[in-house]
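Under the heading [4Fe-4S] cluster binding site, TrEMBL lists Cys52, Cys55, Cys59, Cys87. TrEMBL lists Lys89, Gln144, Asn169, Cys173, Met366, Gln370, Asn481, 507-508, Lys530, Asp557, 709-718, Asn793, Lys810 with the feature Mo-bis(molybdopterin guanine dinucleotide) binding site. Under the heading substrate binding site, TrEMBL lists Phe785. Taken from TrEMBL, the feature compositional bias 'Basic and acidic residues' applies to 818-832. What TrEMBL lists as domain '4Fe-4S Mo/W bis-MGD-type' is 45-101. Taken from TrEMBL, the feature region 'Disordered' applies to 804-832.
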Amino acid sequence: MSLDRREAMKVAAMSAACGLAGSLASRGSAAPQPPLPERPEVPGVEWDKAPCRFCGTGCHVQVGVQDGKVVAIAGDQQAEVNRGLLCVKGYHVGGILYGADRLTKPMLRVDGELQPIEWDEAIDIVARRIMEAGPKFGMYLSGQSTIPEGYAGNKLMRAGLSNNHLDANARLCMASAVTGFLSTYGVDEPAACYDDLDNCDALILWGNNPAEMHPVLFSRVVDRRIRGDEIEIYDIGTRWTRTTERADHHLLMKPHGDLAIANCVAQQLIEWGAVDEDFVAKHCNFRADRTPETTCKHDDYLAMVAEKGSAGLFGEPIDYAQYKELVSFYTPEKASELSGVPAEQLVMLAKLFANKKRRIVSLWCMGMNQHTAGTAINNLVHGIHLLSGHWGKPGDGPQSLTGQPSACGTVREVGTLSHALPGGRLVVNPEHRAELEQRWNLPEGRMNPEIGFHTVKMFEEFCKPTAEGGAINTIWVQVTNPGQSLPNTKKLFKAKEGQPDKFLIVSEVYPTATTELADLVLPSAMWVEKNGVYGNSERRTQQWFKMVDPPGEARDDCWQIIAVARRLLELGHEGLKDKDGEWLFTIRDDNGQEVPIWEWENYYGSVNVDRALFDEYRQFTFLKHKNVAPYDQLVTHRGMRWPVIETANGGFKETRWRFVEGSDVYVEPGKELQFYHSVTKDDRALIWFRPHQDPAETCSGAYPFMLTTGRVLEHWHTGTMTRRVKQLSNAMPKAYLEMNADDAREMGIANGEEVEVRTARGKMRLPVWLNGRARPPRGTLFVPFFDETASINDLTLDAIDPFSKQPDYKKSAARVTKTADLDPHSSDEVQP
Ligand SMILES: Nc1nc2c(c(=O)[nH]1)N[C@H]1C(S)=C(S)[C@@H](COP(=O)(O)OP(=O)(O)OC[C@H]3O[C@@H](n4cnc5c(=O)[nH]c(N)nc54)[C@H](O)[C@@H]3O)O[C@H]1N2
Ligand SMILES: Nc1nc2c(c(=O)[nH]1)N[C@H]1C(S)=C(S)[C@@H](COP(=O)(O)OP(=O)(O)OC[C@H]3O[C@@H](n4cnc5c(=O)[nH]c(N)nc54)[C@H](O)[C@@H]3O)O[C@H]1N2
Ligand code: SF4
Ligand SMILES: [Mo]
């Protein structure tokens with residue numbers, strides 16, 4: 001029986017939506033299927049390619065446009081990432097453009113109300129406010145900003161305003177992965193790629209839920225079972241999720257149990273003599289936060305570091321003997337006590353690493369990054385792959401997953417973080433600054449040598465009254481919704497209210513928790529209403545063209561930055577000129593004529609601004625062997641994975657595995673593997689000793705539960721886009737409190753009952769969901785953060801990792817009270 005095309009597409013859609021296996025049509029099952037058409041043929045509908053607007057998987061869609069509107073979405077069969085498949089969000093991505101309340105006019109707050117104003121006035125206000133604020137101005141961008149937007153913002157801030165208070169929401173997301181890569185390999189970003197998922201024998205998930213968060217990637221693995229491949233899935237995590245349903249082994253751990261688990265794998269490999277000694281001797285050095293004088297016991301080491309303090313992100317060298325002595329502490333019994341995972345399961349995991357014949361991929365995302373020891377656990381997972389030699393072969397290696405569609409592209413590569421510069425350059429390095437000044441043709445000394453504020457700090461300073469030293473008074477936010485997504489929002493966002501000297505500028509597409517407190521709202525064009533380039537989780541840069549007009553007066557974020565940069569020049573800001581007096585954003589047409597791109601009428605005129613900015617940015621990517629492809633190449637591809645190398649015949653070739661001979665051209669012949677950016681400058685990666693650490697907040701009598709937060713399949717983050725798509729909001733309408741059924745029974749709480757959940761920072765009422773989609777173990781709670789009407793970040797803790805400055809949204813001590821048991825006379829004050 002053969003499926004007709006429509007049926008086949010439906011099956012693919014359904015299976016992806018459920019995060020299940022499937023995709024019979026597009027990937028070849030036992031029975032041959034008729035090929036799907038390249039694009040659905042619908043009269044009057046024009047199709048073009050674009051990456052999906054949502055997650056870091058980076059699927060490609062075909063976008064169908066009719067009469068100036070997106071009317072259809074199809075999975076793109078030419079795309080290597082998804083091979084025609086999408087998840088439920090992807091199939092509905094077109095709908096996000098058409099919420100009834102799109103922002104269409106700039107608005108200024110006058111007497112407490114947002115009033116419509118003209119664009120000229122809006123741009124003028126931003127420019128004047130920036131001039132006035134000087135070093136008190138901060139810019140907050142996003143892993144959903146396009147690469148040209150991020151590059152323009154970066155150039156405006158560093159080159160134009162000599163200001164490093166530029167950070168992006170990827171700080172909340174990928175910062176610990178970044179510091180993990182930097183301190184292990186000396187350079188950021190995954191070396192592996194999705195092809196590994198087709199080749200591995202075992203997949204380890206270190207606290208992430210890809211069945212809901214990276215569904216197309218997860219089905220790429222699970223699908224293999226339909227074809228008879230044996231693939232073993234190990235799910236390590238703090239709750240039972242939809243991913244667990246597909247797993248062979250579930251290692252249910254206490255929060256932060258991951259540190260002990262990874263250390264125990266190392267301890268067992270050493271005890272069994274199963275370390276890949278040859279690999280380690282050739283390719284690795286050992287590190288710890290501090291060098292002990294001799295070999296020393298675990299607890300003596302901790303005492304020594306406590307006394308001396310941390311040596312910083314790159315730590316200090318230790319030798320192999322010292323490393324062995326330190327990890328010997330993490331016996332299966334000890335690690336079991338610390339992690340809550342039975343010792344037999346720890347031994348089982350270690351046996352997997354001890355087996356050289358199996359190919360193992362480790363994947364992780366927010367469980368490991370939103371962690372006050374996030375850098376440490378990233379180091380440890382890289383470390384056990386290095387120690388066991390499971391590194392650098394197809395299907396065998398660690399692969400950090402990115403959350404946002406361009407956290408890699410726009411934030412990590414472009415360098416829109418407060419300590420970073422384009423091209424992997426660093427603010428604190430004088431040579432790097434000089435190099436940037438030369439490339440941007442700036443006068444010497446233009447670049448500010450001081451690191452700017454990271455996200456949490458930036459908003460802390462913004463919310464702190466100026467009289468009390470608040471060092472930021474103006475923030476421009478683009479493509480992110482900090483009013484709902486920052487931790488501890490009462491402290492880090494809402495405290496801005498009632499401070500007349502603080503000014504919040506928000507470029508948005510819908511009214512949000514952030515525009516709620518905005519002083520100036522700039523309506524933006526989104527996704528295929530503008531040109532764009534994104535970079536996904538496997539180093540793949542993906543380009544798309546504008547396909548439809550934005551509604552009303554909404555305009556591109558990138559244009560907004562350029563228009564402000566022009567207005568600053570007109571107002572006499574010297575920083576906007578290079579050392580020859582030319583405006584920093586000058587773009588010329590083929591005849592050498594300057595194009596007035598700051599005028600909206602000319603923005604999509606004789607030049608493609610995205611192309612000009614991207615190709616300018618591209619030169620920086622050569623500095624750390626991250627060569628992105630030229631824009632025109634990207635136009636004809638479904639993304640290309642960097643480094644993209646120009647071949648002798650003028651073609652371009654992408655790279656699948658970095659640092660691996662035969663794949664990465666920068667590896668010298670005969671080396672097999674070469675970590676050519678190594679911290680120790682000897683082509684070796686670092687295997688770190690990192691001890692177990694308790695979470696920043698632990699349960700107590702007053703707050704006996706551990707509250708964790710995260711996401712669900714149907715919604716994107718703060719829900720601003722997906723809650724406006726009826727199909728998605730019907731499927732998952734409201735936030736809920738997930739509780740363990742036994743805990744609920746003991747407390748007399750019924751399924752669906754409304755309860756109060758409270759932390760030291762705030763409280764809210766939520767309906768309880770028992771035995772629902774996911775199940776937390778006893779003593780733990782889960783609340784998703786998509787629902788603006790029940791914003792859980794009023795309750796979350798704002799503790800951060802000391803190196804990455806990424807907050808830990810996964811561990812807040814909480815209590816639950818039945819609504820009937822609440823004392824109606826008790827104060828609303830939340831007591832710590
Ligand atoms: N549907 C959907 N998909 C998305 C997104 C979305 O909003 N919606 N957002 C995207 C983005 S930006 C991101 S960052 C990703 C996030 O993707 P994930 O990281 O997969 O999702 P989360 O729900 O944030 O995290 C849930 C996991 O945290 C783990 N966890 C909790 N505490 C700990 C701990 O102490 N250690 C470890 N190791 N694990 C722990 C739990 O086991 C749980 O599985 O999803 C991306 N994909
Ligand atoms: N409790 C809790 N909080 C978390 C997390 C968690 O796990 N738990 N995870 C954190 C993580 S990993 C992340 S990545 C962040 C995400 O946090 P945010 O980035 O704040 O969340 P989004 O909902 O993606 O916000 C994107 C905003 O951009 C708007 N937008 C869409 N397209 C455009 C455009 O083209 N231009 C402009 N100007 N605006 C546009 C959308 O309407 C939306 O309001 O949340 C963090 N917060
Ligand atoms: S998996 Fe991610 S990129 Fe792919 S369709 Fe779903 S949301 Fe879009
Ligand atoms: Mo994220």
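Cβ coordinates are placed from backbone N, Cα and C, and glycine is handled just like the others.
Projection of TrEMBL feature records onto the structure.
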residue: Cys52; record: [4Fe-4S] cluster binding site; DSSP (3 states): coil
residue: Cys59; record: [4Fe-4S] cluster binding site; DSSP (3 states): coil
residue: Cys87; record: [4Fe-4S] cluster binding site; DSSP (3 states): coil
residue: Asn481; record: Mo-bis(molybdopterin guanine dinucleotide) binding site; DSSP (3 states): coil
residue: Lys530; record: Mo-bis(molybdopterin guanine dinucleotide) binding site; DSSP (3 states): coil
residue: Gly710; record: Mo-bis(molybdopterin guanine dinucleotide) binding site; DSSP (3 states): strand
residue: Trp716; record: Mo-bis(molybdopterin guanine dinucleotide) binding site; DSSP (3 states): coil
residue: Asn793; record: Mo-bis(molybdopterin guanine dinucleotide) binding site; DSSP (3 states): helix
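Between the alpha carbons (Cα) of Cys87 ([4Fe-4S] cluster binding site) and Leu713 (Mo-bis(molybdopterin guanine dinucleotide) binding site) lies a span of roughly 9 Å.
Neighbouring residues of the recorded [4Fe-4S] cluster site, listed in sequence order and excluding Cys52, Cys55, Cys59, Cys87, comprise Phe54, Thr57, Gly58, Asn82, Leu86, Lys89, Gly90, Val93, Pro215, Val216 (Cβ within 8 Å of the Cβ centroid). Non-local contacts of Gly710 (Mo-bis(molybdopterin guanine dinucleotide) binding site) by the CB criterion (under 8 A, 6+ apart in sequence, same chain) comprise Asn209, Met366, Phe782, Pro784, Phe785, Tyr809, Lys810. Reported as a whole number, the C-alpha separation between Asn481 (Mo-bis(molybdopterin guanine dinucleotide) binding site) and Cys59 ([4Fe-4S] cluster binding site) equals 23 Å. Taken in sequence order, the binding-site residues Cys87, Lys89, Phe785 that lie near ligand 2, meaning a CB under 6 Å from one of its atoms, are Phe785. Remark: of the binding-site residues Lys89, Lys530, the most isolated position is Lys89 (fewest other Cβ atoms within 10 Å of its Cβ).
If you take every residue in the domain '4Fe-4S Mo/W bis-MGD-type' (45-101) and average the pLDDT, you get 97. In the structure as shown, the Cβ atom of Trp716 (Mo-bis(molybdopterin guanine dinucleotide) binding site) sits within 10 Å of 22 other Cβ atoms. Rounded to a whole number, the C-alpha distance linking Trp716 (Mo-bis(molybdopterin guanine dinucleotide) binding site) with Cys59 ([4Fe-4S] cluster binding site) is 15 angstrom.
Checking each of the binding-site residues Cys52, Cys55, Cys59 against Lys530 (Mo-bis(molybdopterin guanine dinucleotide) binding site) by C-alpha distance, the shortest gap belongs to Cys52. Ranking the binding-site residues Cys59, Cys173 by the number of CB atoms within 10 A of their own CB puts Cys59 at the top.
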